[in-house]
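Participant: Pasting in a structure now, in structure tokens, and then I'll have a few things to ask.
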Number of protein chains: 2
Amino acid sequence: MDDLKIAIAGLGTVGGGTVTLLRQHADLLAARTGRRLRLVACAALAKPANLPLDGVPFFSDARVMARDADYDVLVELIGGANGIALDVVTAALQRGKNVVTANKAMVAHHGRALAELAEQSDATFGFEAAVAGGIPVIKALREGLAANRLSQVYGILNGTCNYILTTMRETGREFGDVLAEAQSLGYAEADPSFDIDGIDTAHKLAILTSLAFGTVVDFSKVHVEGIRHVSAFDIRAAEELGYRIKLLGIARRTDGGIEQRVHPCMVPIRSSIGCVEGVFNAVVAEGDFVGRTLFEGRGAGATPTASAVVSDILDIAAGRRTPTFGLPAKLLAPLKAAAIEDHRGAFYIRLTVLDRPGVFADIAAALRDEEVSMEAIIQRGRAPGETVPVVLTVHDTLERAMMRAIERIAAIEAVVEPPHLIRIEAF
Amino acid sequence: MDDLKIAIAGLGTVGGGTVTLLRQHADLLAARTGRRLRLVACAALAKPANLPLDGVPFFSDARVMARDADYDVLVELIGGANGIALDVVTAALQRGKNVVTANKAMVAHHGRALAELAEQSDATFGFEAAVAGGIPVIKALREGLAANRLSQVYGILNGTCNYILTTMRETGREFGDVLAEAQSLGYAEADPSFDIDGIDTAHKLAILTSLAFGTVVDFSKVHVEGIRHVSAFDIRAAEELGYRIKLLGIARRTDGGIEQRVHPCMVPIRSSIGCVEGVFNAVVAEGDFVGRTLFEGRGAGATPTASAVVSDILDIAAGRRTPTFGLPAKLLAPLKAAAIEDHRGAFYIRLTVLDRPGVFADIAAALRDEEVSMEAIIQRGRAPGETVPVVLTVHDTLERAMMRAIERIAAIEAVVEPPHLIRIEAF
């Protein structure tokens, strides 16, 4: 069969990893599909000196490559929801060319439009590398578990956050300190907000939601909280209560619609997801026939991401086609979102209170008045007249009721700082 | 597009689950591929009364159905390496029909021949359901991780054994007791030897090995030990040493060839595989680009297995084709097996010794003489003149040296029972 002609836009970390993989495993890849995967063009602002690109036509403008070069697959590894990345992907699909990307922001924001464009052009739009790096979770949801109706999908989708939370637990250090170290080690970006504020996780969750439930990708409906406010105290308290704190993305079918939420979450230490530590990612999918499945692996980095990019290319080389989001784009339903206020779940609340008689009674009364059922209240240490931390946990309750109770608690004179909440999932 | 015509041979647990799934999710499945999956024939010794098979032609001889019925896919759910199962699969492939099966014994024994037959007939031979039930691990190895050279694949592949070992740990009870209970609960067969003696795990491991390393399936080269000899004492000792005992199937590239071994194994409590409990299965695959990935879920039962069977059918309906073992059959290499004696690893040894002076010295000398490096030796309790259990652990050593040392230890007069070994993997 003919060679499969590949053009790569973006030669940073992942682009470099992809070039390396295509060279290093050229024979294996050809054996798998009967076609050689041939790099016919690449584009970047400047040509990197350290990559084996001799003889490969180089474009300093990816848009020109997308429009003019002769290729079968355009691999977009530039990044960003819009701008050049969106331009080159759109141009390639409009030409009827296949596209493979690792760009979660773009898929989260423009997934439906790009899926429609790919269908009109009879092209493949692959994004295995956009979620959970090397873990083949897109393929698992779209093909491996395709016989199921899924009830929920959730996961640890950002390795930087999981590394920070794991290190905080192991060392007892505070968030800012561990973040600074992660930055110096290259595990966190100079501007870390995409990661630690949960946006990256939310992009990935929006994609998983669409695949899991057959709905249009809708990033705007994701409730997003990051991990800046998780303290070393919270992590110790979680441990004592039998939990680990993870930044989770959770999408769940409920009677009121589909929940999509990203926030720090206490999960049982012995749960599968609680065992996932360090830079590892994991996705759990629950289906009506298969039950609970978990997929774990490295969620980022040059080589795991290249593994996912090339798996998409192999599908194209072999002619394996699946609708972009598991169903033809016209069958994707609008996402009817459940309001976060309608979420039911358990909560952990950290309070800072003046250690004086009557405080517990006031707190308990505030919860009772909103019909929130307290599970435990624990004061750590004694310091009469001074402030002390108090930890509360409550049984499953409506978020709306919890928020009203928190408002009442915050108004108690002896509660000297804003209450801090972390949701608990039993899984 | 035309309906996809399905014939099912075997209407037991998994056959029933598959019929139910095809009925229950008929619309979802049709939406995914644009084709309706239509049950056109079924075969079993007797027609079950509890399945919705009205109007579906029934055959009491599956061979007749395989040979005469008009279908696109034959689903073989009879079981057994040979006999009727092999006959109907062979007949279908010879007619150029696609085959989907959950039959690990047949694939482990006849995988290569069936793959060649499928290729000659340009048909698909799918067996996602044969390994790890509902976990889409065949697809992960064959497609999702196809860009990698794998160094090892291992896993917990038998839910019955994992359930027994987990229950032994949680309750402190002995193997025979827990097995009997598992049988009464339906978690273990009346004749449990396929499961507890490791044969079922070995069938699945032989299949994973072929997919991971591009070699011909070779069940005869699997070293197999079961879990009958694991005691409650071993499980407690493992816990104290920081390990869990799991029945693992392990396939690994080594300088001396490919290791394929099934045996009880101590794994770190905090390892991903150590966290997999109860009836759950898990497979770990390590690739040169992707790193370590883990896939966990339910490994058996009507509904998870049906999920896997139907995922194979969906691939056929959508025209997604992959070589049976990830490479064209003619490119599969013969399996050059590493001898178990050449295995290097750590060991746990349980001894029963007479509690009298000099025993430790004799044991230590036996190890020294074979150049086996001891890590720890622990006597539990004191009973002068009586027998007591002694636990030894040794650092990485050649299995061959370990066996010689064990022979010497067994010959020590104060060692009153045959030494009992469990391999340790650090993972």
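Note that Cβ sites are derived from N, Cα and C of the backbone, with glycine treated the same way.
Among the features that TrEMBL reports, active site, proton donor is placed at A:K204. If you look up TrEMBL, you'll see A:A9, A:G10, A:L11, A:G12, A:T13, A:V14, A:G15, A:G16 marked as NADP(+) binding site. Taken from TrEMBL, the feature NADPH binding site applies to A:K104. Among the features that TrEMBL reports, L-homoserine binding site is placed at A:E189. As annotated by TrEMBL, domain 'ACT' applies to A:348-423.
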Participant: Could you measure between A:E189 (L-homoserine binding site) and A:T13 (NADP(+) binding site) for me? Cα positions, answer in whole angstrom.
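Facilitator: A:T13 (NADP(+) binding site) has its Cα 13 Å from the Cα of A:E189 (L-homoserine binding site).
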Participant: May I ask you to report the DSSP-based helix, strand or coil state of A:A9 (NADP(+) binding site)?
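Facilitator: Once the DSSP labels are grouped into three classes, A:A9 (NADP(+) binding site) ends up as strand.
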Participant: Reduced to three states, what secondary structure does DSSP give A:V14 (NADP(+) binding site)?
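Facilitator: The residue in question, A:V14 (NADP(+) binding site), is helix (DSSP, three-state).
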Participant: Give me the mean pLDDT over the domain 'ACT' (A:348-423), rounded to a whole number.
Facilitator: 94
Participant: Determine which residues of the same chain, besides A:A9, A:G10, A:L11, A:G12, A:T13, A:V14, A:G15, A:G16, have their CB within 8 A of the center of the CB atoms at the recorded NADP(+) site, and list them by sequence.
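Facilitator: Near the NADP(+) site, the remaining chain residues are A:I8, A:G17, A:T18, A:A44, A:L77, A:I78.
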Participant: Relative to the Cβ of A:A9 (NADP(+) binding site), which residues of the same chain, six or more apart in sequence, are found under 8 Å away?
Facilitator: A:C42, A:A43, A:A44, A:A62, A:M65, A:A66, A:L74, A:V75, A:E76, A:L77, A:I78, A:I84, A:A85, A:V88
Participant: Where does the residue listed as 'L-homoserine binding site' sit by DSSP, helix, strand or coil?
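Facilitator: Where the residue listed as 'L-homoserine binding site' sits, the three-state DSSP reduction gives coil.
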Participant: Within 10 Å of A:K204 (active site, proton donor), Cα to Cα, which of the binding-site residues A:G10, A:L11, A:V14, A:K104 are there?
Facilitator: A:K104
Participant: Measuring CA to CA, name the entry from the binding-site residues A:L11, A:V14, A:G16 that ends up nearest the residue listed as 'NADPH binding site'.
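Facilitator: Comparing Cα positions, the closest of these binding-site residues turns out to be A:V14.
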Participant: Could you break down the residues of the domain 'ACT' (A:348-423) into DSSP helix, strand and coil, giving a count for each?
Facilitator: 23 helix, 30 strand, 23 coil
Participant: What does DSSP say about the residue listed as 'NADPH binding site': helix, strand or coil?
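Facilitator: Where the residue listed as 'NADPH binding site' sits, the three-state DSSP reduction gives helix.
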Participant: Would you mind ranking the binding-site residues A:G12, A:G15 by how many other Cβ atoms sit within 10 Å of each Cβ and giving me the lowest?
Facilitator: A:G12
Participant: Check A:K204 (active site, proton donor) against DSSP and tell me helix, strand or coil, would you?
Facilitator: helix
Participant: Using a 10 Å cut-off, grab the number of neighbouring Cβ atoms around the Cβ of the residue listed as 'active site, proton donor', all chains included.
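Facilitator: Around the Cβ of the residue listed as 'active site, proton donor', 26 other Cβ atoms lie within 10 Å.
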